[in-house]
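Written below as structure tokens is the structure these notes are about.
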Amino acid sequence: MLRQTTYLTKRYGVPEGWTLPVYERDGGYQQAKRALSMTREALVDEMKLANIRGRGGAGFPMGVKWSFMPWPPKPEKPHYLVINADEGEPGTFKDRTIMELDPHAVVEGCIIGCFGIGAHAAYIYVRDELHLSKARLWGAIKEAREKGYLGAKPFGIDYPVEVYVHTGAGAYICGEETSLLNSLEGKRGEPRLKPPFPANAGAFGMPTTVNNLETIAAVPVALAMGGDAFSKLSDLHDQKDGGCRLYGVSGHVNKPGIYEACVGLTLRELIYDLGGGVKGGEMLGVIPGGSSCPILRPDEVVNAPDAKSPLHRWHGKNVLDVPMGVETYRALGTMLGTCCAIVLNKNTDIVLAMHNLMRFYRHESCGQCTPCREGSAWLFRILDRMTHGEATMEELDRLHEIADNIMGNTICAFGEGTAMPALGFLRKYRKEFEEYVRTKGKSGTGRLAL
Amino acid sequence: MTKFALSPDREKHVEEILSRYPNRQAACIPVLHVCQEQNGWISDEVVEWVAARLDLSAAHVKGVVTFYTLFNKEPVGKHQVWVCRTLSCALRGADEILHHCEKRLGIHVGETTKDGKVTLRTAECLASCGTAPMIQVDKDYYENLTTAEVDRILDRLIK
């Protein structure tokens with residue numbers, strides 16, 4: 001059932017909605033003030049009840065992540081809160097809307113987050129291209145500081161909090177949490193081996209929590225509503241996937257954009273009810289949550305006869321009718337990712353689409369691990385030959401092999417982020433790829449745009 | 001050879017940046033941005049200046065500069081035009097926009113016009129997927145583009 005909400009997007013489209021007076025008119029900063037007078041345990045428990053799954057891709061429960069921080073903080077080991085607003089995933093554009101249209105929600109979330117993890121400083125890592133986002137965030141920080149909500153004594157309470165914006169310099173890999181930390185420290189954004197996890201040794205070698213920007217922006221809303229009530233907005237409350245979130249849809253739809261709804265929205269609702277339907281007729285496929293999530297075909301049916309499967313309730317139904325949740329999508333063999341879908345209509349040249357994505361991954365591999373660096377380039381080279389009508393069947397099989405060999409052989413998840421969507425394309429559109437090779441590209445439409 | 005130095009205003013900005021972090025190294029990327037704003041690109045002189053200012057080795061700073069796409073390793077035009085061509089934009093006509101820019105400016109991707117006014121680049125996803133196709137000109141986004149609008153934007157840049 002389509003349940004659109006406006007908890008997170010209340011100030012979208014409101015004149016001067018990004019300024020302090022508008023935010024305060026809506027009750028802004030009351031939750032930060034309240035949080036600073038709670039105990040840390042009570043705050044973290046409330047957040048656990050809210051069941052906010054990380055909105056950045058991996059979907060880890062936020063409250064649980066906060067509870068991992070060593071407690072109590074040692075004076076010689078200050079804690080840090082780092083907000084991931086790198087947003088480089090193709091198809092994903094939700095965090096940018098929050099920064100531009102509701103930056104105070106981020107700042108308030110940071111104050112609450114700092115208290116919850118025992119930090120006194122938060123760094124919001126924003127990609128440098130987003131000049132308006134940076135300006136709006138700095139503007140919000142300045143307004144909050146002038147009002148005494150940040151600084152040595154926020155709201156007159158003896159718990160210093162500072163929030164800073166830190167910019168990247170153009171590297172998708174810096175959305176990966178450990179490379180983001182390296183970038184924050186002034187290094188090349190190359191991922192680190194885990195363990196140690198950031199909760200033990202993160203920014204500047206100190207205990208650190210890395211949260212996605214939308215995740216932290218949802219914190220004041222969840223606290224105001226009460227954790228349990230917030231969680232129960234969701235259809236997937238029983239799977240500990242709570243609240244409401246932002247959904248994006250782009251590509252071949254009539255009304256691309258960002259929409260807010262309760263967790264549990266289906267892809268069909270996102271594409272047809274919110275996105276206005278597929279542009280130019282039928283759908284060829286949909287990438288559900290950013291380009292590293294394996295593509296789904298509109299004719300796929302859920303096969304989950306096992307009553308223990310998180311998908312059992314939807315056994316026999318079309319995949320487009322499964323609620324979009326972290327667990328349900330994992331069980332479907334794809335990922336929820338950032339909840340921003342890319343729709344491809346039936347005139348799309350599937351080989352060109354994969355070629356486009358693999359060019360992206362080749363460009364963005366940090367180069368640290370050989371399977372990823374060489375593999376992503378190799379995948380692209382073969383696809384490039386294929387688009388020129390030069391690839392053989394043997395090379396088509398080699399694409400599988402290369403992708404298989406990237407999986408599990410790299411320091412970070414970028415390797416899987418390349419290989420999994422590649423395998424998704426190859427397995428689900430095998431016939432189209434074979435035909436493409438056989439006809440030297442003549443079976444393709446040669447077009448991506450309508 | 002002139003030695004690189006920041007203007008007094010920018011130098012003050014660097015001081016403010018340094019105050020945000022527990023160590024000087026963390027200021028590396030923000031300070032490089034400040035330098036690039038003044039100089040247009042990151043020359044070896046700039047690398048050495050940043051290294052000295054932040055107590056880092058020049059090799060470290062150079063490594064950082066070469067890792068990130070937004071640091072210009074050579075001089076660029078007065079304006080930079082970035083055409084996003086990743087999947088969401090491509091599905092809504094980014095390739096046509098890109099070819100149009102090339103034709104209109106008379107250069108290929110990566111090149112700068114002869115008068116030094118415009119450098120044309122491609123970008124990998126600028127988080128503007130819902131308003132595709134789009135280009136970024138210097139610090140501004142132009143979204144939901146048609147080739148006619150691209151013409152108007154480029155006209156303003158090259159006149």
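Glycine residues also receive a Cβ, built from the backbone N, Cα and C atoms like all the rest.
TrEMBL does not curate its annotations; it predicts them automatically.
Now, the feature entries from TrEMBL:
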BINDING   B:Cys84, B:Cys89, B:Cys125, B:Cys129  [2Fe-2S] cluster binding site
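Listed in sequence order, B:Ala94, B:Thr122, B:Ala123, B:Glu124, B:Cys125, B:Leu126, B:Ser128, B:Ala132, B:Pro133, B:Met134, B:Ile135, B:Gln136 are the same-chain residues at least 6 apart in sequence whose CB falls under 8 Å from the CB of B:Cys84 ([2Fe-2S] cluster binding site). There are 32 other Cβ atoms within 10 Å of the Cβ belonging to B:Cys89 ([2Fe-2S] cluster binding site). When the neighbouring Cβ atoms lying within 10 Å are counted for each of the binding-site residues (B:Cys125, B:Cys129), the highest count belongs to B:Cys129.
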